[in-house]
Amino acid sequence: MTVGNIASKKERKSRRNKPVDENAPLLPKRQEDVGFDEFNGASFTGAVFNLSTTIVGAGIMALPAIMKVLGLVLGVALIIFMAFLTEASIEMLLRFSRVGKCASYGGLMGDAFGKTGRIMLQVAVLINNIGVLIVYMIIIGDVLSGTSSSGSHHAGVLEGWFGEHWWNARAFVLLVTTLFVFSPLACFKRIDSLSYTSALSVALAVVFLVITVGITIVKLINGSIAMPRLMPNVTDMTSFWNLFTTVPVLVTAYICHYNVHSIDNELEDSAQIKPVVRTALALCSSVYIMTSIFGFLLFGDATLDDVLANFDTNLGIPYSSLLNDAVRVSYAAHLMLVFPIVFFPLRLNLDGLIFPSAQPFHQANMRFALVTIGLIVLIFLGANFIPSIWDAFQFTGATAAVCLGFIFPASITLRDRHNIATKRDKILCVFMIVLAVFSNAMAIYSDAYALIKKNPSPRE
């Protein structure tokens, strides 16, 4: 089954207004008669939390480093600009989906470009989401069990609390986390079933933000924070090209397009999806801006690509060690709860790619279990055998993520099979494609040049 084979929303009537057959038996005759029909539709709040959780992932920890490259003024402006661009691309997807009666991103790509378009979309989701989930698991291992780089060891939370033991080694901690956290959460067949964990995930992101803001305010009061750089420091062409390396990070930070249709399909009132998208983007943009500003204020030019790594040193305030642990644990827990939200479309697209003509996925328990187990094993092995994925994450952000977020939606609009695109739409789409291709080509070139020359990353 492909994600494009889900029933069209136009064919689904409101579940609340579903007529009652007085002659129907009180109990179903067969088990298969009981299913998704008993689901009364997702709430507005649950949809906002699910979409917000899709958006806020590992990318939030790289945002303070963007301020280091761009300066506060240009950095905040780019975060806001990217939010509006994301909203515009999602609006195009939804508008063309309604006209084409497509209930999924894959179905819409198939409607515009045929089987090739659908396969391209599914492959992009696989590359993006597998890479993102491996990054999540690596970061969780770093936070809980520690990591070693450049000859220095950064102790994990468990190692700091209990000392070094076999049971808090990286591989064992990730195995336990996979078996008792990721696997149970990955077993849900509806994305709305994750609305409560999504709400908790957003709350944990806010906890991280509140602690960071509090620490920064304390240090501002005691005068230990220097004036931050407001604009980028461009001294030559190399530093100018380095500005474009921030684009893949921002693109990855806002990627949620692959889950919009799944959330839309489960809403009781499909007219709510646009307010859901705008509310989620407004919420996440606020968190992003606050995290970027206060994270950069707190660490200044010492800000690392992953700002979480800055929280393993003395912050110079009372209870520094306790606050460091609170920040790292809250973020690790946040990623654990984000995992199933990103995993949901990954599993659906892989099943659609391998079994395009099979029965509906939620009805095939054996296939559902095999695909789920296979993906979790692959991600677990990747997190254990790939020592560092940050450079690879940069490349996936500049390829698969930018395709999902901007190039595919713009291409669908320019294709305009139903003749509904306006002149403004087409101008915006050309701008999206040019911006995406140019800026990400520059980012790939800059990172590849740094790797070949063995120079440090421009944000380190």
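Sequential numbering from 1, following the chain as shown.
A Cβ is built for glycine as well, from the same backbone N, Cα and C atoms used for every other residue.
The annotation region 'Disordered' is assigned in TrEMBL to 1-24. The transmembrane segment annotation in TrEMBL covers 39-63, 69-88, 119-140, 167-188, 200-221, 241-260, 280-299, 329-348, 368-386, 392-415, 427-452. Positions annotated as domain 'Amino acid transporter transmembrane' by TrEMBL: 42-446.
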For this session: Six or more residues out from either end of the transmembrane segment (167-188), which same-chain residues have a Cβ under 8 Å from its Cβ atoms?
Result: 137, 140-141, 144-146, 156, 158-159, 194, 197, 336-337, 339-340, 343-344, 347, 372, 376, 380, 383-384
Exercise. Between the stretches 39-63, 119-140, 280-299, 329-348, which one has more Cβ pairs under 8 Å with the transmembrane segment (200-221) than any other?
Worked result: 280-299
Problem set entry | Within-chain partners of the transmembrane segment (280-299) [C-beta distance under 8 Å, separation at least 6 from its ends] | 48, 51-52, 55-56, 60, 63-64, 66-68, 72, 75-76, 79-80, 83, 86-87, 202, 205-206, 208-209, 212-213, 215-216, 219-220, 225, 228, 253-254, 256, 307, 310
Exercise. Mind checking which residues reach the transmembrane segment (69-88)? Cβ under 8 Å, same chain, six or more beyond either end.
Worked result: 63, 228-233, 242-243, 245-246, 250-251, 253-254, 256, 277-278, 281-282, 284-285, 288-289, 292-293, 296, 405-406, 428, 432, 458-459
Problem set entry | Criterion met for the transmembrane segment (241-260) and the transmembrane segment (39-63) (at least three Cβ pairs under 8 Å) | yes
Exercise. Out of 119-140, 329-348, 368-386, which stretch has the largest tally of CB pairs under 8 angstroms to the transmembrane segment (39-63)?
Worked result: 329-348
For this session: Please give the sequence-distant neighbours of the transmembrane segment (329-348): residues at least 6 beyond its ends with Cβ less than 8 Å from one of its Cβ atoms.
Result: 3, 50, 53-54, 56-58, 61, 125-126, 129-130, 132-133, 136-137, 139-140, 143-144, 157, 177, 181-182, 185-186, 188, 191, 194, 197-198, 200-201, 204-205, 207-208, 211, 258-259, 262, 308, 361, 371-372, 375
